[in-house]
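Report on the following structure.
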Amino acid sequence: MGSVDASEKTITGWAARDATGHLSPYTYNLRRTGAEDVVLKVLYCGICHTDLHQTKNHLGASKYPMVPGHEVVGEVVEVGPEVSKYSVGDVVGVGVIVGCCRDCRPCKANVEQYCNKKIWSYNDVYTDGKPTQGGFAGSMVVDQKFVVKIPAGLAPEQAAPLLCAGVTVYSPLKHFGLMTPGLRGGILGLGGVGHMGVKVAKSMGHHVTVISSSDKKRAEAMDDLGADDYLVSSDEAQMAAAMDSLDYIIDTVPVKHPLEPYLALLKMDGKLVLMGVIGEPLSFVSPMVMLGRKTITGSFIGSIEETEEVLRFCVDKGLTSQIEVVKMDYLNQALERLERNDVRYRFVVDVAGSNIDDTAA
């Protein structure tokens, strides 16, 4: 174990204080280091669309002050006496959840992200009764079960988006048996998750169609990301010509939208996989699924096991996420740009390089 007791350490993070979502420096104490805990110095943290939802209370359950960030890469600086998986100096990652009951069916099946008692990386309450705070901060304390090793060959800033966006697209492709080469897949929405969907699906040997509401992303989808086709959803002729052509659609859109136009694109037995966090009901008429034995389903991030898999997959395939690295003092501007879809394709905050302790008020 390292010589610093994390329970005595006061750190600085950037927190939202209310539903305006504005972040500013905030000091707080790390929780006491448990026997199986890992203390990490945060190096980088990705910015996810969920951070917008949470900081602005779009889902109605936000608690303040809130330090967001759940795509966290850091260096281990201390370990509890029963930690066996990690050592001081390891570069590791932490994703969306930091706790679960370990006793329910999902936990026993190693899909702990579906545990009804899971503990979120931030905006939640830990087992000690204290609020969890995320990766827009100097340090974190996390149970070793919810920590993954960043493999050699993957830069830490590149690894950050894979801990949420990367595993979010990998998990349903694996679970629903959609990893077979030659499948025809659609990626609806070309943001942080969608761009990884294109890359992962292409690396599995799929024919990939990007679906977007306008033609403005065609060049980046096909020339930069390597998509095979581009479909403008507002063009009725294009949509009609593409009916019954796709084995699956990964729907990453995080706002309310119609489902029926996309169900029509699926072949018989095709799957529409919902991934966007949407706080309003979505609707469709039942014949749209009945007459093709189609499935509307959902998938939520991925397990710790799948996170480790997608990190190795990206190293093996030479995949990287397309990121814009920013400093901590750019956080609010980055969130504003994310809200208006002005990023290609993921912001990653250089936490360690931001000297955040100097900004504490």
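The backbone N, Cα and C atoms fix where each Cβ goes, and this holds for glycine too.
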Site co-member for Zn(2+) 2 according to Swiss-Prot, given Cys101, Cys104, Cys107, out of Cys48, Cys115: Cys115
His70 (Zn(2+) 1 binding site) and Thr50 (NADP(+) binding site), Cα-Cα, nearest whole angstrom: 9
Coarse DSSP state, helix versus strand versus coil, of Thr50 (NADP(+) binding site): helix
Count of other CB atoms lying within 10 Å of the CB belonging to Cys104 (Zn(2+) 2 binding site): 15
Spatial neighbours of Cys48 (Zn(2+) 1 binding site), counting only the binding-site residues Cys104, Cys115, Val193, Lys216, Gly276, Ile301 and Cα distances within 10 Å: Val193
Binding-site residues compared (His70, Lys216) - the one with the fewest other Cβ atoms within 10 Å: Lys216
Candidates Cys101, Cys107, Ile301 (binding-site residues) - the one closest to His70 (Zn(2+) 1 binding site) by CA: Ile301
C-beta crowding around Cys48 (Zn(2+) 1 binding site), within 10 angstroms: 28
